[in-house]
């Protein structure tokens, strides 16, 4: 059966529109992943909560990109918590954070910073046990100081904290000198490619219509 010129033109336009829709959907569906720091504090490590916390992390859709066990000294702990240096609990916090090793992890997923903060629950573990009984701090924390875990509270904090423990790492794309791996933000490049592909589709469509 012959389609004729009109039928052939319609078929070509239909195929091109389908390709255009697929390209546009693929472009919009690509969401940049985010990195954040997760610390399991001395009470979490000594209390054998590490495996349970890591299981919760993975089950919640995070990838663990890097991890290391660190024994903080007073200078390093004071540097990490410098923003709290004027608070009355600062000396107690430093004593607590140097009381044993901590496990440091770099987590990655879409919206990683906010999602990890939501997963660990309120700062005061006593409150977490009531208001967020399924949170990490409800599982292993004791109070507002011995609250088992830490999470970056912003992209700026995540950047600083990752660089603090893993030199050269960034919360977006970047070069990790320790790992020797390159993580690049391809969002702009992908958008440019998709835009070029769409232009080709529309140009071909115009040629068909003019037949």
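From the backbone N, Cα and C atoms, a Cβ is placed for every residue, glycine too.
Now, the feature entries from TrEMBL:
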SIGNAL    1-27  signal peptide
DOMAIN    33-173  domain 'Nucleoside diphosphate kinase-like'
BINDING   41, 89, 117, 123, 137, 147  ATP binding site
ACT_SITE  150  active site, pros-phosphohistidine intermediate
Excluding its own, the Cβ atoms lying within 10 Å of the Cβ of residue 147 (ATP binding site) add up to 25
Least crowded of the recorded positions 41, 117, 137, 150, counting other Cβ atoms within 10 Å of each Cβ, is 117
In chain order, residues whose C-beta lies under 8 angstroms from the C-beta of residue 123 (ATP binding site), counting only those at least six residues away in the same chain, are 137, 144, 147
DSSP composition of the domain 'Nucleoside diphosphate kinase-like' (33-173), residue counts helix/strand/coil, works out to 65 helix, 26 strand, 50 coil
Spacing of the two Cα atoms, residue 89 (ATP binding site) and residue 150 (active site, pros-phosphohistidine intermediate), in whole angstrom, works out to 16
